[in-house]
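The structure appears right after this line, and notes come after that.
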Amino acid sequence: MQVCRVQLNQISLIQYPRHCRPAYLFSLGCFLQRTGAFLDNNGQYLTSAHDPRMTSHYIAVLIIGLLRENPYMCNNECDASTEELAHPPELMFDIEGRNPTTFWQSSSWKKYPKPLLVNITLSWHKTIELTDDIVLTFESGRPEQMVLEKSLDYGRTWQPYQFYATDCLDAFTMEPKTVQDLTQHTLLDIICTEDYSRGYVWKYDKTVRFEIKDRFALFAGPRLHNMASLYGQLDTTKKLRDFFTITDLRIRLLRPATGATMVDENNLSRYFYAISDIKVHGRCKCNLHANSCVYDKEKLSCECEHNTTGPDCGRCKINYQGRAWSAGSYLPIPKGTANICIPNSIGPVIRPNASSLGVINRKEAPVCDDELLRCQNGGVCVNNARCNCPPEYSGLLCEKSRCDSEAAGCGSRESGQPPLTPPSPCGLLTLLLLGSALLREAPCWPAPL
């Protein structure tokens, strides 16, 4: 079996306005240098992809926007020992748009009928939340059998994401389905699809996709207009959040395209896998407690806020454990709730102080202020002693929605509260699912913490 392992240690960041907490996207795609490290337009290291067994060590470099000629101007020949004819793994992540296209190519199926098996593993060393479709572009014809797998524990265990085959029943004993067959209740089902395993004629038939946005649309609607519904599901359904969360991806190529029912054993060199591009879009998972994700000490880490810490901002800092840690919330729309960690001494803490007359004056530690201990959801701090909360919120810092404890829930006639309205252009996932050009242009105003 051939193995292509790609270490994705750094991602290019696109920053959102400050209160839109998931504030960064990444996308794979840059030239590589000799060490195998990606560089962005500012010369920052992005990722690495390197397998010395499959290619020479010289790789074209894109540094500070200056494009140097790529030596891999690929033709029909493939020889890993010859620089001009090599098709190394790095070419799955370089910039396309040139002619001819560059691509990685496996060895040929010369040991037929023994299966031609290849694993391609993408590792981020960080928990990542997917935000758009995963797209693979094949130059060899799309494989007749393939499995996309995910890991949530840095590659220790793997679960299937989706099966692909020209005949799902024959290959995996599964009924063929498409993402359009899924419902809100079956969204987490693992399916086998035949849509991406047939031969191609047109350019865009080269792609194999794992549809993320179509799954989002099951809650948010075909054009993702009803983001309130998706927010609510992500907030309350851990299995749904986990479904879109990964630390690693693995592409298992099981059978190459043959273009016919029978394999031509006299021409086995024509059967192989070739991939010109892999696109994975996502963000660092920071539990809505960070505004950026940085590469430090050879790993990605969230720059945690709200008195949280850890690679995913998954715990409260020392001396800020006045209540149990909680992830940030998308609700209420559009600003969400920070759920900040509060100091251990948060009150009220009674400190007796005996006066010269022997009378004990009781002093309370501050409950709220205008800096770290801000009242949330429109609450007003009164004399640093309490938060005056709006009618629909309660809690020490107005962090709890009263709807959570009402049987009728929000938006019902019995609750007395108006229904949730569609999010503003600053809605977290609305921004997340739009293109980078819109991200740079969409208005987004600061919100109180």
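Even glycines carry a Cβ here, placed using N, Cα and C.
TrEMBL annotations: computationally assigned, not manually curated.
The secondary structure of Cys398 (disulfide bond), as reduced to three states from DSSP, is coil rather than helix or strand. As annotated by TrEMBL, disulfide bond applies to Cys389-Cys398.
In the predicted structure, the domain 'Laminin N-terminal' (16-283) carries a mean pLDDT of 75. Annotation comment: TrEMBL describes 16-283 as domain 'Laminin N-terminal'.
If you look up TrEMBL, you'll see 364-399 marked as domain 'EGF-like'.
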Practice task
Quick one: give me the count of other CB atoms within 10 A of the CB of Cys398 (disulfide bond).
Solution key: 23
Practice task
For Cys389 (disulfide bond), just count the other CB atoms lying within 10 A of its CB, please.
Solution key: 21
